[in-house]
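Trainee: Handing you a structure now.
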Amino acid sequence: MSSEELACKLQRRLRLEVRAETDQGDPQPAPCDAPAGHPEPEPPARAPTASADSELNLKLSRRLDIHQGTARPGRSKVFNPYTEFPEFSRRLLKDLEKMFKTYDAGRDGFIDLMELKLMMEKLGAPQTHLGLKSMIKEVDEDFDGKLSFREFLLIFHKAAAGELQEDSGLLALAKFSEIDVALEGVRGAKNFFEAKAQALSCSSKFEAELKAEQEERKREEEARRLRQAAFRELKAAFSA
C-alpha cells in the first residue's frame, strides 16, 4: 500500500473518530413532535470545527510518522540513572546529580540556556549564545530547549565514549567539571568505564559499592566512639 493510499485511509478514519467524539460531547436537543401535516426539517450538516481539524491533523501526522518509522518513541516518565547509565558508579552519579542541582538555579529540574551560560562561565569555558544553543541541541532528546538530568548525564556518557568533537562545548563542560570523570580524563574514562562494566555485572557492582559504603560508615562510627572514650578518660583524669 502506498503512502498516499495509507494517508487517505487514515484521514478518513480519523475524521469519523473525531466527528463521533464531537457528537458525543455536544448535548443533543430533545426531539419534539412535529405538527401534523408538516414534515420535520432535516438538521443542517455539522461543519467541522477548527479544534477538531487541528486534532485530526496531529493524529494523522503522528500515525504517518509511526508507519514510516520516523516517529520518536515516547519516553517513560520514570528515570533510573543506575540502570540507564550502568557504566557510571554510584558515587559518580551522586556527584553529577549534585553538580546538576547546583546549576539548576530555578529548582525546576532543568538547566535552561541562561543557567548553562552561567555554568560554563564558572567552569572557565564561556560560550557564545549560538554555542550554548548548539550544546543543548546536541543532547536535547525531547526538543524542549533545556537540559533534563538524563540529558545532562548523556553529556558525560558521550564524553566517556569519545562521541564528542574536540571543539564541542559539551566536551569542555565534561573536561572542566570538578568530578571523578574529569580526574580520570575524558579519554581515559572510556577504558575505565569499560573495564568496570566487564569486571562486574550491574547488580554485583552496586552490591560491592553498597558494602564499601557500609564499611566506611562503620569505620567512621568506630573512630567517633574511640574519640568519645578518650575524651571521657581525659575528663575523668582532670576531675580526679
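Cβ coordinates are placed from backbone N, Cα and C, and glycine is handled just like the others.
Annotations per Swiss-Prot:
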REGION    17-54  region 'Disordered'
DOMAIN    91-126  domain 'EF-hand 1'
BINDING   Asp104, Asp108, Glu115  Ca(2+) 1 binding site
DOMAIN    127-162  domain 'EF-hand 2'
BINDING   Asp140, Asp142, Asp144, Lys146, Glu151  Ca(2+) 2 binding site
Trainee: Reported as an integer number of Å, what is the Cα distance between Glu151 (Ca(2+) 2 binding site) and Glu115 (Ca(2+) 1 binding site)?
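Mentor: A Cα-Cα distance of 15 Å.
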Trainee: Are there any residues in the same chain, six or more apart in sequence, whose C-beta is under 8 angstroms from the C-beta of Glu115 (Ca(2+) 1 binding site), and if so which?
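Mentor: Within the chain, Glu115 (Ca(2+) 1 binding site) has Cβ neighbours under 8 Å at Tyr103, Asp104, Ala105, Gly106.
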Trainee: DSSP says what for the domain 'EF-hand 2' (127-162): how many helix, strand, coil residues?
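Mentor: The breakdown for the domain 'EF-hand 2' (127-162) reads 23 helix, 1 strand, 12 coil.
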Trainee: Other residues with Cβ within 8 Å of the Cβ centroid of Asp104, Asp108, Glu115 at the Ca(2+) 1 site?
Mentor: Tyr103, Ala105, Gly106, Arg107, Gly109, Phe110, Ile111, Asp112, Lys146
Trainee: Using the recorded Ca(2+) 2 site (Asp140, Asp142, Asp144, Lys146, Glu151) as reference, state which further residues of the same chain have their Cβ within 8 Å of the centre of those residues' Cβ atoms, listed in sequence order.
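Mentor: In sequence order, the nearby non-listed residues are Phe110, Ile136, Val139, Glu141, Phe143, Gly145, Leu147, Ser148.
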Trainee: Could you give the number of helix, strand and coil residues in the domain 'EF-hand 1' (91-126) as assigned by DSSP?
Mentor: 23 helix, 1 strand, 12 coil
Trainee: Could you please provide the mean pLDDT value for the domain 'EF-hand 2' (127-162)?
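Mentor: Mean model confidence (pLDDT) across the domain 'EF-hand 2' (127-162) is 93.
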Trainee: Return only the integer: C-alpha distance in Å from Asp144 (Ca(2+) 2 binding site) to Asp108 (Ca(2+) 1 binding site).
Mentor: 14
Trainee: Which of these binding-site residues is closest to Asp108 (Ca(2+) 1 binding site) if you go by CA atoms: Asp140, Asp142, Lys146?
Mentor: Lys146
